[in-house]
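Dumping the structure here so I can ask a few things about it.
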């Protein structure tokens with residue numbers, strides 16, 4: 001199969017979709033990114049890299065960082081995190097606060113914001129620097145020591161972060177934070193403001209296609225843990241469109257409001273896409289179409 | 001791999017779990033089934049059958065019938081059903097009615113009761129006899145013409161079916177039923193009261209492991225449709241435990257309150273288990289443990 | 001005070017409002033009523049009657065009938081009904097079904113539909129003919145033996161009553177109906193389809209301004225019961241606008257989708273208004289304005 | 001009527017109830033108050049004062065302060081506050097956050113915490129010192145310049161105030177706060193920590209029984225405003241027991257978790273009670289029983 005050809009075709013085909021939807025603008029730094037950017041990259045389990053379009057331009061990974069903070073916490077602490085967060089799909093966003101109240105402060109899964117705050121809190125306890133730990137993992141796996149937090153984006157998140165602050169205080173009111181609200185928020189905003197390009201991101205997530213084996217060849221996660229991170233991505237990784245994503249794309253995936261999506265073909269490869277303009281569910285319109293075409297053409301689906 | 005040996009080991013290991021949880025008793029006919037029953041069967045894509053325990057004893061398939069009614073509707077009518085039902089995980093059961101109101105009568109997915117009523121309604125329109133169509137499909141795929149509805153169970157469901165009647169009237173109030181409420185309910189109760197053993201059920205669902213190819217070798221579903229039924233099973237198939245099931249078992253699956261579960265290993269096989277006693281989420285306790293052990297021992301997971 | 005003059009002024013002032021809002025049209029028989037109708041009547045505790053506009057034209061009392069069915073049940077059975085229905089305001093209509101589920105089948109108050117179905121069910125058990133009992137009370141108190149059910153409206157309600165049927169089945173699923181769903185619904189639709197004019201209705205409700213004393217001078221309710229029906233009307237009588245009604249009008253009141261409203265000035269009088277066009281909360285626009293002006297001009301408020 | 005005798009009887013009768021329920025203990029300073037305290041006071045519109053039990057012992061007024069902050073805001077600014085907060089009963093506490101989300105940041109009424117934060121925010125804008133303005137009003141109306149904030153209680157509220165902080169950040173995320181979250185919370189915690197005895201509180205609230213006329217004889221509120229504060233108290237003043245309170249007591253009232261309740265008999269008097277032990281709805285058990293007996297014996301009810 002000519003993967004490089006497939007990626008180049010996809011870039012051509014999705015170009016007209018780049019202006020559908022809207023670029024996230026709740027913080028100014030995100031809103032200025034041009035919707036015409038589009039990149040795609042495939043990193044295979046045996047080390048090959050393919051890319052097309054803007055695949056080497058860095059973007060704000062936002063919620064995609066939640067995959068790495070979860071993996072880090074699991075790497076330290078096999079599965080004790082599941083006492084503090086469930087791993088069930090969340091239903092509509094509308095339900096997030098009511099669910100948190102009904103479940104006495106236990107978030108529905110680690111990929112909604114409430115759950116990610118709990119994971120970051122745990123990572124902060126384990127490492128003393130949660131955002132730093134995520135950055136360190138990304139640098140090491142991508143082999144790129146220049147990966148860093150965009151401080152302006154992080155500050156901007158903090159300035160506009162009343163909703164995350166509300167969630168963190170609600171978690172604290174149920175005793176489900178180990179660190180001060182302010183520290184958890186600062187680490188959370190920083191990890192979300194990490195900047196990577198499609199290539200870095202595909203390399204960094206490759207352990208999920210290799211049963212947990214890191215870039216250096218040593219086990220970062222156990223095989224069962226790696227499968228489980230993929231399972232949580234499939235059921236909970238794309239906000240309220242997890243069912244749609246499984247139906248159309250058929251792969252575990254995690255999206256971010258920066259327009260990036262990472263998808264895993266277990267045993268084979270990681271695919272990353274980036275297109276800043278988002279559909280109603282907060283997922284990249286061009287990115288979703290690209291993954292749809294990619295799985296249709298390669299026949300790679302877990303189903 | 002000695003599949004037969006694995007199944008026999010599993011029967012031994014899960015025996016002590018058969019009395020954990022509770023047998024569904026909301027209708028008398030289900031409540032009298034002994035919790036000590038346990039069966040497991042594997043039907044492979046190339047035609048082999050393995051079984052252990054009570055794998056040839058029929059049981060009430062209940063919600064597992066929803067997989068077949070959905071497949072039938074898709075076989076007639078590629079994907080027009082998705083205008084009338086979403087395919088997203090539902091969150092807590094608590095949310096089902098509020099969701100239906102918030103979404104103006106469009107159920108969250110075809111495997112919660114509201115969604116299954118819509119699918120049965122559509123199948124009734126397409127065939128004139130929805131329960132008969134499901135029965136016909138099961139007989140044909142399992143090669144067992146004696147498969148039938150347990151009329152006593154169906155009548156009992158109707159007598160105790162106020163909650164389903166409420167749901168059907170609510171759907172009707174939003175114009176999302178094409179047939180009279182009474183007819184839809186009668187067909188729904190009948191399809192849920194179909195009786196099959198683990199062997200029949202594994203054979204009947206095998207098309208989902210064979211990209212839609214039926215027992216007779218002809219395409220029943222298109223490959224993309226088969227993958228999509230699996231995707232919906234993975235994200236929505238086990239009530240409010242879809243995330244847990246994906247995490248622990250790692251396969252698309254569908255459970256019923258009769259204690260049966262069907263799980264699909266795409267390209268390889270279908271596994272069916274039956275243990276009447278249910279955990280808090282309505283899934284067979286012994287059955288979940290059996291599937292957990294099965295995937296751990298075979299290493300068969302989609303992740 | 002010249003009550004007659006006040007009423008005539010009100011009729012003049014509210015005329016321009018009669019075309020604001022919309023006449024209820026979920027059943028055809030209601031939809032054909034002209035929005036230009038407007039009537040107002042005051043029946044005083046000492047027997048005087050004042051009226052203006054279309055105060056002698058009958059209309060469908062709809063939910064106003066719930067006041068009389070509640071009073072009847074209380075007259076038989078001091079307060080045992082409160083084991084089966086709460087008496088708290090309901091919050092948004094959106095919450096009605098979720099509340100019923102959260103509270104295991106106990107409706108929030110007797111004036112939302114779910115609660116009114118429970119009251120009608122109880123009255124049916126107590127009398128064998130709930131709608132007949134309500135009709136009998138209205139005829140006797142109004143002194144008008146021609147008061148009757150509009151059979152076409154009742155039949156029309158039944159034809160369009162999927163939502164009430166859903167609610168009744170949900171109540172039945174929790175064991176909170178004593179009679180068959182069909183019988184409760186038939187009685188409920190009949191009592192809602194009773195037709196009275198403003199004069200009849202003011203006379204019929206006058207016992208609520210006279211500490212429970214009936215038109216004939218005998219006690220129909222105990223004084224504490226009469227006060228309590230008024231209290232429930234104040235907190236729960238006008239759908240999701242109870243706070244607004246208390247704030248603007250300052251009297252216990254109950255509205256119906258036929259455009260009628262009955263309001264009680266304890267110790268003094270009953271005021272009834274009728275204007276078919278409804279605002280967003282389901283209350284008569286002209287009627288609300290009329291009551292607002294009435295209380296402003298008379299200074300009669302319970303606060 | 002011998003009011004003094006009635007109050008003394010009530011003190012005797014409710015004594016056995018003082019140990020029912022539980023003293024609020026979410027902050028240490030409240031938890032140490034003895035449940036055996038009980039006081040009652042009546043201040044009449046013509047200036048007489050009656051009291052019994054611990055009616056001169058100060059207690060933390062907590063949510064009762066919300067009546068005064070609302071009255072102050074209305075005194076400055078006739079009714080512009082109603083653009084930022086509704087005045088409808090709230091339904092179950094469970095609904096408070098979901099309601100705030102559904103209504104895009106507009107709280108359901110000024111007496112739930114979210115609404116009271118908005119009122120305090122507005123008062124802070126109007127006066128520069130919201131807690132000081134409430135304290136000033138209470139001192140002036142009660143004629144007691146020693147009324148003050150219990151600084152330890154206020155600090156304790158802040159330490160345990162994650163839930164109120166969550167609510168304030170959520171309001172801010174919808175743009176419904178004019179001042180910084182920290183400032184609004186500090187003023188809110190301070191006003192709740194004001195300490196008054198039953199006598200002070202009855203005098204301070206007397207303007208609500210006198211159509212808005214202050215202790216000094218000048219109009220503090222317009223008569224229509226005073227009636228409206230009473231209306232909001234009746235429909236929303238006692239958490240999720242507003243219907244129960246209207247049914248049993250039949251008066252506008254406002255309770256606090258310190259165990260105090262203030263009730264208004266328009267035109268006649270204000271009654272205040274204090275008993276620290278709370279029932280499941282957060283209202284004083286002994287206080288509710290006392291008001292029940294008071295209205296039964298005096299026959300004073302608005303219905």
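The backbone N, Cα and C atoms fix where each Cβ goes, glycine too.
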Can you tell which of C:63, C:75, C:301 TrEMBL lists as binding substrate with C:113, C:157, C:164, C:188, C:239, C:257?
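Site partner of C:113, C:157, C:164, C:188, C:239, C:257 for substrate, according to TrEMBL: C:63.
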Within a 10 Å radius around the Cβ, which one of these binding-site residues has the most neighbouring Cβ atoms: C:188, C:239?
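The most densely surrounded of these binding-site residues is C:188.
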Sequence gap of 6 or more, C-beta under 8 Å: which same-chain residues meet both conditions with respect to residue C:257 (substrate binding site)?
C:24, C:30, C:62, C:63, C:278, C:282
For residue C:63 (substrate binding site), what is the tally of other C-beta atoms lying within 10 angstroms of its C-beta?
22
For residue C:164 (substrate binding site), what residues in its own chain, 6 or more apart in sequence, show a Cβ-Cβ distance under 8 Å?
C:113, C:117, C:157, C:185, C:188, C:189
Other than its own, how many Cβ atoms are within 10 Å of the Cβ belonging to residue C:157 (substrate binding site)?
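Around the Cβ of residue C:157 (substrate binding site), 24 other Cβ atoms lie within 10 Å.
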